[in-house]
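K.L.:
Below is one structure. I have some questions about it.
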Amino acid sequence: MATLQASSFLRSSCTNANSSSSSRRRTTITAKINIPNIRTNKTSQLPMLISDQHEQFTINPIEELVLSPSRILIHDTNVDGLDPLVIEKLYVIKEAVADRVEMHRNIGEQRSQWNSMLLTSINGITLAAATMAGIAATSSGDSVLGLKMSSTMMYLAATGMLTIINTIQPSQLAEEQRNATRLFQDLHNQIETTLSIGHPSSIDVKEAMERVLALDKAYPLPLLGVMLEKFPSSVEPAVWWPQQRRKQTKSVNNNNWNGWNSKLEEEMKEIMGVLGRKDQEEYISLGKKALKLNKFLAMSGPLLTGLAAIGSMFIESDSASHGSNWAAMLGIVGGALASVVNTIEHGGQVGMVFEMYRSNAGFFEYMKESIESNLMETETERRENGEVFEMKVALKLGRSLSDLRNLASSSSSLKEEFASKLF
């Protein structure tokens, strides 16, 4: 309609210009020279306006669906082969993932602050109790009883706080949330890539939903009931992904190997073996050592403060002890050792180190399953593109393509190197 109106206006403008030209041509030559300029300006501006209006309404089909959500509800037909309902679902998942990124980031910062504040508070209480025990052992009179009671109560409070903090491991909780933030951000970027350069389908929606739920299960937000076990009986790699599924391709070409060949398959098999024998095994071994150290420290801290509380309870004054006051020694030394143990455990963030090792082992397990799921698929057209997959593996392991191939060729040597150069 706007085009028809513009055409009518163009004709009327040209007619007016011609009539004006014929009337002015009889008077002066100057008017004759100026008329073409006026007519040219009027007629040349109108097509530009029409063209600008046309360009303003010519937008990307995906952007049109996002900017005009009502069109998704009105039209059931696809736009350039894109399903509007699939686009809408992916944007809903993308918004939910962005919200989870922010939640896990905020909670991770909060739990990191827990670790710092509780460490400082418990060490302050413990050292104050040890100081009171020492003063009580060298004092006499009515003040001894008050110092003994104060020291005992502070040691008991420190014992209870240490029991709680050693159970929940705030540094490990913070590391879990940092990992969840990074993985949700990675999922968010993948959804953006699918929307921008791909042709989303219902399979993409289903896979994105499964990944969100798998991450929610792997890194829960609540502390009660669903918190990850901090002292497991065995160290297992972290798992944050759903079961690997076959890749569905939009077109099948029997003459196209989809970037795969026998050499690349052998290369991937060798890399998968190195990941299992070297990298994953190394981080599981380190995780076991960190877990043993953390268990020892978690039991030692409350035990030492408990013994110090018992010692401070039986402290005798200097005149009554006759130079031998084992209770005072227990109260003072136990408190000092408890502060050292607490500092090593939570200041050194041993729980965070254990979670980092467990997460790294999970990363290598994920790499192995990704390679295996592609190799298990006999139809190469249904696999991920071989060249793209090889580049992805190289980047994840911190290697160049040539370096990755050299790793596969040297995997059978006596001195086998680690597959990953990142960590």
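Glycine residues also receive a Cβ, built from the backbone N, Cα and C atoms like all the rest.
Because TrEMBL annotations are produced automatically, they should be read as predictions rather than curated entries.
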K.L.:
Which of these ranges is annotated region 'Disordered' in TrEMBL: 1-26, 365-390?
P.N.:
1-26
K.L.:
Can you tell me which parts of the same chain pack against the transmembrane segment (296-314), counting only residues 6+ beyond its ends and a CB-CB cutoff under 8 A?
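P.N.:
Sequence-distant neighbours of the transmembrane segment (296-314): 126, 129-130, 132-133, 136, 148, 151-152, 155-156, 158-159, 162-163, 166-167, 231, 326-335, 337-338, 341-342, 344-345, 350.
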K.L.:
Could you give the residue numbers and ranges of same-chain residues that sit at least 6 residues beyond the transmembrane segment (326-344) on either side and whose C-beta is under 8 angstroms from one of its C-beta atoms?
P.N.:
119, 122-123, 126-127, 129-130, 133-134, 136-137, 151, 155, 158, 162, 297, 300-301, 304-305, 307-316, 350
